[in-house]
Structures are given as structure tokens and as C-alpha cells.
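**Q** One structure, pasted below without further comment.
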């Protein structure tokens, strides 16, 4: 009887442990996978401001390069690749939220012209699917299918991101024309320095909020520091809280000024934006161009043949 009760208790505890583990995994998995899109989507109706600045730069303060490659021209209702490259030194490690060091993630936002959108899976070729890998793209808004976001994803595997894009057909979409259109892209590597609510992350430099003498430095049990700065003139004290991650630059007894850096800047990532142009080409115009080129080539051929015929006539008259 006692063995049966013990077995039931162990079974109950194991079931509870597994359930809690699954819940924690689902919650953390969701928060990590949605972190980059949510930060931009929750705070901004449009990721590109009227000035042309992409809003991701509000949180990722360092400026880094990004590159985009698209075809010069595409035909209507055609799937093509938009390749976004986010280069960085793969040896770099960033400060994670818990203060430890880890690999960098990357993310991107692609702003297409109205009418262009993510290609449906059944229109994507096997070769393109292999280039895309396991990436999962999503629209910035349900009503903005022309704006796509991705990330954060592992930077070591996806520093080059292939977006499968479907071009619109003006025959079915009356608001689309055969024109040259701009495409805008923003790409980041690493964590941001500021959260959307304006608070700092632990991936940035921390400055003194007061001037005076560092009277006390307390190292917290879970990492980070509590720094007390005393004003020698009136004895007023300010306390600056440093989260885990940044390295401390000051020591007790040191005299510091207002806004003087208390830590280093641990950020190794950054954000960049770029643009490209693409032409939505009219098939009739292409056919007309091909017909024109063919007619020019035929005219040249007939001209050469006529010239040879004329030379033969001249040669025969001279011999006569």
C-alpha cells in the first residue's frame, strides 16, 4: 500500500514537472521569436517615417551596413528573390538579457511597393526554398502585406536572408502600374540599446545621474551594481543601478562628473538601412522591343546581302 502511494506521488510530481516545463518552453519560445517584430509593430503604424528613417534605428543606436539585391526588372505575377545581407564579424559575442555573452541574432524589415507581397508557398521553386531555409516571414500588419519582417534569427546561419516576393499584375490590380518602384530595407544585428518604452537595456553604456564622490559600490547577487554618488557640497546622494552585462569603469572614492560614463559600452551590433529600385515591366513592351531588335537585325542582314549582290554585279560588269 505504501509503495503504491509512493508511486502515485512520484507520478504526480513528474506530470507536474513536465507540464510546467512545456509551459515555460512555449512562453519563452514565443517571446523570443516575436521579439523583433513586436517591438516595431506595437509602437509604430508604419516602420518608415516621413523623413525616410526606419523606426528600428530608435532602439538600435549604432550605425552598421546593410545591403539589398533585387532584379533590375520583373514581369507581372512573377516570383523573384530579394536578398538582404547583414554583414558582421561572426567571432563577436553580445551581452544577453541575463548579462552573459552569446551569439548575435539578426532581423530585417523589407518595405515593398504597394501590390508586391510575400510569395505563396506553392509558387516558390524548390531551389528558392533551399535558399530560404527554415525562415518564417510575416506581414507588418494584416493590411500591409507589402511590408515584411523577420527575426530575430541566428546571425551565423542567416546573415544573408532571401525573401520570396510575388510581383503584382496590373491587369487584376488597377492601382498598380508599369513603373519603376523603390524598395527599402532595414537590417539589424544584435540587441538594441533602448526599449520601445524609452528605458535602457543592459546592452548600452550607463552614465552618472549626479556629480560627486563614489561613496559606495555594491555588487548585486544576481549581477550588476548599485553605485552611490555623494555630493561633497551638500551631502546629497544619488544611487545608480547598473544591470548585469556592462563592465564597471569607476571605483569607490573616485570623483566623477554628471553624465560621466560609469560603464563601458558593450554593444557590438547595430542597425542599417538601404534601398533599391525595381521596374515592373510590361510584357507587351518587352515583346515590342524584341520585335524591334529582330527587325533591326534582319535589316542589317538584308543590307549585307544586298551589298554583296551589288559587288557581284559590279565585278561581272568589269570583267565584261
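Just so it is clear, glycine is given a Cβ too, placed from its N, Cα and C backbone atoms.
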**Q** Out of 265-285, 286-306, which range is noted as transmembrane segment by Swiss-Prot?
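**A** The range carrying the transmembrane segment annotation in Swiss-Prot is 286-306.
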**Q** Can you tell which of the binding-site residues (56, 59) has the fewest other C-beta atoms within 10 angstroms of its C-beta?
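**A** Across 56, 59, these binding-site residues, the one with fewest Cβ atoms within 10 Å is 59.
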**Q** Can you count the other CB atoms that lie within 10 A of the CB of residue 60 (heme binding site)?
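**A** Summing over all protein chains shown, residue 60 (heme binding site) has 26 other Cβ atoms within 10 Å.
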